[in-house]
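Participant: OK, TrEMBL features for this one:
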- 561-612: domain 'DYW' (DOMAIN)
- 146-176: repeat 'PPR' (REPEAT)
- 246-280: repeat 'PPR' (REPEAT)
- 346-376: repeat 'PPR' (REPEAT)
Amino acid sequence: MLSRSTTITSTPSKSGVIVLDTNSISLQYGDIDSATRLFTSTANKSNYIYTAMFKGLISNNMVEKVFDLLDEMEIKPDSFTLAILFNACAELANDRAIKIGRKLLDEMPENYRNDNAVLNSAMHMLMKFGDIQSAERIFRLNKKKDIITYNAIIKGYVGNKMFEKALDLFEQIHLNLDNVTYIIVFNACAGLANDRAIKIGRKLLDEMPENYRNDNAVLNSAMHMLMKFGDIQGAERIFRLNKKKDIITYNAIMNGYNLNDESSKCFKILDGMSHEGIVPNETTWNILIGACSQIGMIHRCEYIIDQIPLDTQNKRQIQNSLIDMWGKCGSVEKAQIAFKSIDDRDTVTYNTMINAFGLNGMGSEAIHVYKQMPNDLRDEVSHICVLNACSHSGLLHEARNIFDEITFKTEKIITTMIDCLSRLFLFDEAQKLIDNYEKTNKPYLIMYMSLLSGARNNRNRHVSEKVYDRMKYLFPNEKQHLVSGAVLVSNIYSSFGEDQLATTFRSNQIKQLRTNATKGLSWTQINDEIVQFTAHDNSHPQASEIDSEIDRMTSELIQHGYKFDSSWITRKIKDGETIQSVLCGHSEKKAIALNFIQRPVPKFIQIAKNLR
């Protein structure tokens with residue numbers, strides 16, 4: 001078998017055939033023209049020569065050219081060439097690749113059907129085509145399964161988001177695992193991230209042989225898995241102990257922080273990269289832009305953008321991310337500037353701009369961009385973004401028209417329309433959409449959460465109780481969502497002054513579900529530091545000054561006719577508390593007051609939240 005490092009001498013053979021150096025053909029320096037000339041000038045090309053050229057083209061992302069050469073190939077591919085061709089088809093996985101791949105597989109000589117390398121490549125190709133059954137058939141018929149065979153099919157399951165099947169098969173392996181197995185199974189556990197996946201992933205990590213604890217790819221996958229489990233400390237431990245950190249390591253830890261709403265830590269990692277001389281790549285900047293989007297602080301966004309090289313800023317994926325970032329920071333003008341600067345707008349470009357308008361209550365502008373968008377670029381996300389924009393702007397008539405025009409209404413599109421109706425307290429119409437959907441589909445939790453959220457805003461006790469009871473019946477294992485639902489229902493009880501009922505209901509439900517409600521957070525930027533608050537948070541060094549400033553703000557508001565609304569108090573008032581003291585302890589007010597006590601007072605104040 002020809003390996004990547006095999007060298008075939010350039011000495012002419014007795015037959016006069018020029019034999020090429022494989023490393024030259026593999027185009028490792030990207031000299032495509034020279035390699036092509038050398039290949040073309042070679043008479044009586046062997047499978048070795050074709051295979052080398054195919055590998056070179058694949059490594060240079062020129063897979064279509066592989067198929068062009070295959071059409072000219074006058075000899076039958078041998079087993080190694082066939083394996084490379086299957087890999088080429090898997091890489092591209094378009095209509096042409098699928099047609100060629102299936103034809104090669106159907107016409108494959110019988111003696112190759114016992115060749116493990118060929119079968120593994122064929123299985124990988126079919127998985128990339130989404131043809132799970134055919135890949136499984138090859139796996140079952142293979143009598144010489146090795147660890148590479150298992151890796152190929154498990155990787156295929158992960159690629160097709162069939163994580164449970166991946167773990168089922170992993171638990172049947174009775175061979176020694178290699179580093180690839182660890183990487184793939186960690187990725188499967190990360191994709192699933194339920195109790196079973198957490199148990200398998202932790203056990204695999206704990207029992208991992210020492211020699212793999214120095215393998216960067218394995219450690220990066222383990223770190224990603226732990227981040228998906230919400231185990232930030234475990235991931236950070238691996239990061240600290242890794243002595244061979246590369247750009248992928250840094251990207252993995254930062255992406256994990258974004259996943260766990262700890263995006264502010266990304267900027268410290270960036271400083272660490274700079275100290276170690278690691279140059280950020282396009283993925284790094286995308287992750288950091290994502291961190292800026294989550295934090296929502298305009299000054300921090302500007303600081304990061306100033307560091308991104310201009311050639312990277314001009315790449316469409318980065319530009320799309322910038323539109324999203326500016327929209328989430330509330331700077332619609334800058335989002336529009338980024339949008340207008342893109343000539344070759346794709347689906348993501350339009351969707352992010354529509355979403356940016358929607359997030360900032362500019363429903364009419366979102367609809368305008370949606371209507372400008374070419375029909376062939378619209379996808380499910382386009383419809384969801386524009387309907388969501390209508391929902392947040394109260395544009396019911398427009399939402400109905402757009403919804404009626406959508407030919408194929410997916411689960412998420414219907415859910416967004418239900419949210420729109422629920423926000424406007426049209427509960428009967430929203431329930432009708434749910435009922436129609438469930439005639440042919442399984443119930444979808446988020447539809448009920450949208451209905452329940454609208455009922456809370458409407459202080460509709462009857463609808464909220466009915467919806468929550470239905471949620472408990474249909475989705476008994478969705479604990480975190482049920483806790484959120486219980487909080488909404490208890491808030492409705494509190495709004496009617498039934499504090500004891502609210503407290504009892506909330507504590508009982510949370511105790512039954514054995515999980516906690518997500519804490520509300522607010523944050524702001526003071527100088528270069530992101531400062532975070534929870535409700536009634538007194539941990540800041542200037543806590544007493546903050547409280548004094550809140551008292552001053554409150555007095556001024558009362559002078560202008562402001563009155564506190566006790567219906568927003570979601571618990572029983574304790575001894576020594578007043579309606580005013582409870583409502584003035586909200587995290588948003590703490591963040592605003594912190595800005596006001598700065599000297600000089602900032603000209604620009606921005607507050608962001610995690611729950612809204």
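Glycine is no exception: its Cβ is also placed from the backbone N, Cα and C atoms.
Those TrEMBL annotations? Automatic predictions, nothing curated.
Please go over these features one by one and say how buried each is and what sits next to it.
Facilitator: In terms of DSSP secondary structure, the domain 'DYW' (561-612) contains 18 helix, 2 strand, 32 coil.
In terms of DSSP secondary structure, the repeat 'PPR' (146-176) contains 21 helix, 0 strand, 10 coil.
Taken together, the residues of the repeat 'PPR' (246-280) have an average pLDDT of 94.
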Participant: Count up the helix, strand and coil residues in the repeat 'PPR' (246-280) according to DSSP, in that order.
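Facilitator: The repeat 'PPR' (246-280) comes out at 25 helix, 0 strand, 10 coil.
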Participant: For the repeat 'PPR' (346-376), give the DSSP counts of helix residues, strand residues and coil residues.
Facilitator: 25 helix, 0 strand, 6 coil
